[in-house]
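Each remark here refers to the structure printed beneath this line.
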Amino acid sequence: MREDYLKSDDEQFTSGEKEIERALRPLSFDDFAGQDKILENLKIFVGAAKQRGEPLDHVLLHGPPGLGKTTLSNIISNELNSNIKITSGPVLEKPGDLAGLLTNLQTNDVLFIDEIHRLNSVVEEYLYSAMEDYKIDIMLDSGANARSIQIGLNPFTLIGATTRAGLLTSPLRARFGINARLEYYDAKLLTRIVQRSSDLLNTPILETAAFEIARRSRGTPRIANNLLRRTRDFAQIKGDGTITLEIARIALQALNVDHNGLDDMDNRILTTIIDKFKGGPVGLSTIATAVSEEAETIEEVYEPFLIQEGYLKRTSRGREVTPLAYKHLQRTPPAQSGTLFE
């Protein structure tokens with residue numbers, strides 16, 4: 001279920017829900033909650049670039065899904081009073097795809113590339129000269145008649161977003177002048193986000209209910225907003241339209257989001273490691289096969305929170321559950337084997 005919560009907007013929402021999702025997104029630095037250090041720095045960098053009349057340095061935003069990388073990119077564009085073009089790494093299959101975007105950028109525009117770690121190597125190399133010198137080389141003809149011409153580009157800012165910064169090549173990473181990692185949110189801050197979103201949705205919500213949704217949202221604003229929208233449905237049908245603590249708990253139980261914010265797949269991963277592999281260590285690909293999920297999805301979507309909260313750990317030999325996982329699942333940990341001298 002939670003993988004749906006973490007998909008991109010185009011994959012996840014109907015046309016009506018897309019409009020609601022966009023309406024919930026903050027449009028300025030002042031509206032954006034959390035990530036205070038990053039915001040403080042970005043305000044300075046954007047303000048200085050505007051004063052000098054220069055494009056903002058290229059920006060790399062990385063961190064787990066749903067923390068606001070796309071939202072921040074749009075905010076940066078708004079604060080620069082510029083237009084933004086949005087694409088993603090897998091879409092840019094050949095240099096011509098990238099060239100079409102770059103040549104249509106106006107001065108100080110923003111080009112946002114989501115999942116930039118998935119750029120193929122040919123397109124990535126083509127991007128280097130565009131980022132450094134605002135120039136690209138285009139090949140004309142082929143074979144013996146092949147020749148290249150250089151085309152100048154308007155100065156622009158590239159914002160790359162990724163959940164897996166470690167997969168970026170060193171040459172690409174080095175070309176970003178601004179590098180920011182977004183971190184998970186605490187429940188108190190997420191409560192503010194839930195309350196703000198409920199106001200925008202014209203849905204009354206009690207503070208206790210907002211906190212209940214927030215603390216089960218895995219530290220992720222996108223999940224908090226999605227749970228809020230679904231809880232609003234329950235309040236409308238099973239209540240009087242106000243989201244109370246009781247309604248929130250009913251909705252979250254129906255959505256299979258447990259007391260600690262873990263969903264079916266989270267618990268399935270932990271249970272599988274305990275029941276089939278004696279708590280680990282076990283390899284990622286083996287876990288993926290056992291739970292019928294893609295290894296990449298487990299690594300990007302599920303593992304970060306399980307590790308962050310202390311249910312799972314990575315070792316040199318594979319993944320292992322922790323005592324907290326046994327406690328959460330109400331299981332008895334295996335007895336520790338004795339040492340040689342006991």
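Here the Cβ of each residue, glycine as well, is placed from N, Cα and C on the backbone.
Values in this document were obtained by computation on a predicted structure and should not be read as measured data.
Listed in Swiss-Prot for this protein:
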type	residues	note
REGION	1-185	region 'Large ATPase domain (RuvB-L)'
BINDING	Leu24, Arg25, Gly66, Lys69, Thr70, Thr71, Glu132, Asp133, Tyr134, Arg175, Tyr185, Arg222	ATP binding site
BINDING	Thr70	Mg(2+) binding site
REGION	186-256	region 'Small ATPAse domain (RuvB-S)'
REGION	259-342	region 'Head domain (RuvB-H)'
BINDING	Arg314, Arg319	DNA binding site
Local backbone state of Tyr134 (ATP binding site), from DSSP in three classes: coil
Listed binding-site residues (Arg314, Arg319), ranked by Cβ neighbours within 10 Å, top entry: Arg319
Surrounding CB atoms that lie within 10 Å of the CB of Tyr134 (ATP binding site), all protein chains: 16
Local Cβ density at Leu24 (ATP binding site) - other Cβ atoms counted within 10 Å: 20
Rounded to the nearest Å - Cα separation of Glu132 (ATP binding site) and Arg314 (DNA binding site): 38
For ATP, whose listed binding residues are Leu24, Arg25, Gly66, Lys69, Thr70, Thr71, Glu132, Asp133, Tyr134, Arg175, Tyr185, Arg222, the greatest C-alpha pairwise distance in Å: 37
Averaged pLDDT score, the region 'Small ATPAse domain (RuvB-S)' (186-256): 96
Most crowded position, judged by CB atoms within 10 A, among Thr70, Glu132 as binding-site residues: Thr70
Residue distribution over DSSP helix, strand and coil in the region 'Head domain (RuvB-H)' (259-342): 42 helix, 9 strand, 33 coil
Cα-to-Cα gap, Arg314 (DNA binding site) vs Tyr185 (ATP binding site), nearest whole Å: 22
Between Arg319 (DNA binding site) and Tyr185 (ATP binding site): CA-CA distance (Å): 25
Neighbour count (Cβ, 10 Å) for Gly66 (ATP binding site): 26
